[in-house]
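Contents: one structure, followed by commentary.
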Amino acid sequence: MAFQFNFSIEEDLENKLTSLDDGTCVLKSQKGKEDKNQSTELPGLPQDRLWKCSSLGSAASSEDTDSPPSTADRSGVPEACEKQPSLKPAKEHVIPKDCDQVLENKVLEMLPGSQHVSTAVVKTISLKEKFPGENIVSQSFSSHSDLIPGVYEGGLKIWECTFDLMTYFTKAKVKFAGQKVLDLGCGSGLLGITASKGGAREVHFQDYNGLVIDEVTLPNVVANVPLQGDSNGINEPAGKRQRKSEVAQETCKCRLFSGEWAEFCKLVLSEKLFVKYDLILTSETIYNPDYYSTLHETLLRLLSRNGRVLLASKAHYFGVGGGVHLFQKFVEEKGVFETRTLEVIDEGLKRFLMEMTFKCPS
């Protein structure tokens, strides 16, 4: 699968990447099958769409069902805020002035892509060494799961719906320039990073887990900051690259938050000069029907009247019961948003790309 964008990563990033002698980042096909009941790993990823880097984990095969994906590409929140016994408080994660320190002790690798785009991401398997013992990192990798309900809602792995949406950005020539964008349940932050590279005036990243923001999203954002001097995707010579202060200035248009959706809403809406989002991007966040009410309320409160939501999802998620059709029915019953299917990917597990807009925008 090729992604074609009209921008490229900074040339100096090559100096920050750790050499991977084993050719870790390659596209591998999946072989064999595993019993669904023996693993909570996402099964049945289509062979031509799973970018299987060691940082992204592996998956077992299946035909029609799926288990919960990464929710910090998917942040889960229960149905009614007031009924939730312990809401995860929201907070903003400040980007350090010295962005180089964000990448210290991080192992970065390039995601496979076309010659027109390169994206570096943290090799998340390396985080096991930084966080030894019992914690959400070790538990996620040891259990082969990207979901520990109420504790860890994903983000250490990137699932194929994110790539589906990135591909759609190119095919549909989605315009980001001048837009205020929210990457909701961001995980790796690839959707928001793409928007930033596309000229968005401001990009916010939200994830359930603060650790995912600090150790995955933030480093990915810093590693992919576009140079203002770039022209037609060609990087300037080393001597003309932006100084650290200029890189920090470029990241100022990005803000990062952690916490549950309801708490995140409270935090940003408490700002006197808060302006709602023109575009909300979200991938694999509708796997659990228990979260639909809070997700719907979040979109209702944060989307501008003429804005739109671009959502990517599996048709159905095995084990939790959520999926596209159930979510569409929920939205229709609320009567606030119109939904439109943009694309159906019928390779392996069926996947959908959807658009949501207000029924009465003005």
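Heads up, the Cβ atoms here are built off N, Cα and C, so glycines get one too.
Quantities reported herein were computed from a predicted structural model and do not represent experimental measurements.
The Cβ neighbour count for SER283 (S-adenosyl-L-methionine binding site), using a 10 Å radius over every protein chain in view, is 31. Sequence annotations record features per position, and here Swiss-Prot assigns S-adenosyl-L-methionine binding site to ILE158, TRP159, GLU160, CYS161, THR162, GLY185, GLN206, ASP207, TYR208, GLY259, GLU260, TRP261, SER283 based on similarity to another entry.
Residues or ranges marked as compositional bias 'Polar residues' in Swiss-Prot: 55-73.
The phosphoserine annotation in Swiss-Prot covers SER62 (among others) and rests on similarity to another entry.
Per Swiss-Prot, phosphoserine is recorded for SER67 (among others), and the stated evidence type is similarity to another entry.
The tele-methylhistidine feature in Swiss-Prot is assigned to HIS144.
Annotated region 'Disordered' per Swiss-Prot: 28-89, in sequence order.
On the 0 to 100 pLDDT scale, the motif 'Nuclear localization signal' (237-243) averages 46 in the predicted structure. Summarising the annotation, Swiss-Prot assigns motif 'Nuclear localization signal' to 237-243.
Counted over every protein chain shown, other Cβ atoms within 10 Å are most numerous around GLN206 among the binding-site residues THR162, GLN206. Around TYR208 (S-adenosyl-L-methionine binding site), a 10 Å sphere centred on its CB holds 30 further CB atoms from the protein chains shown. Per-site Cβ counts within 10 Å over the binding-site residues ILE158, GLU160, GLU260 peak at ILE158.
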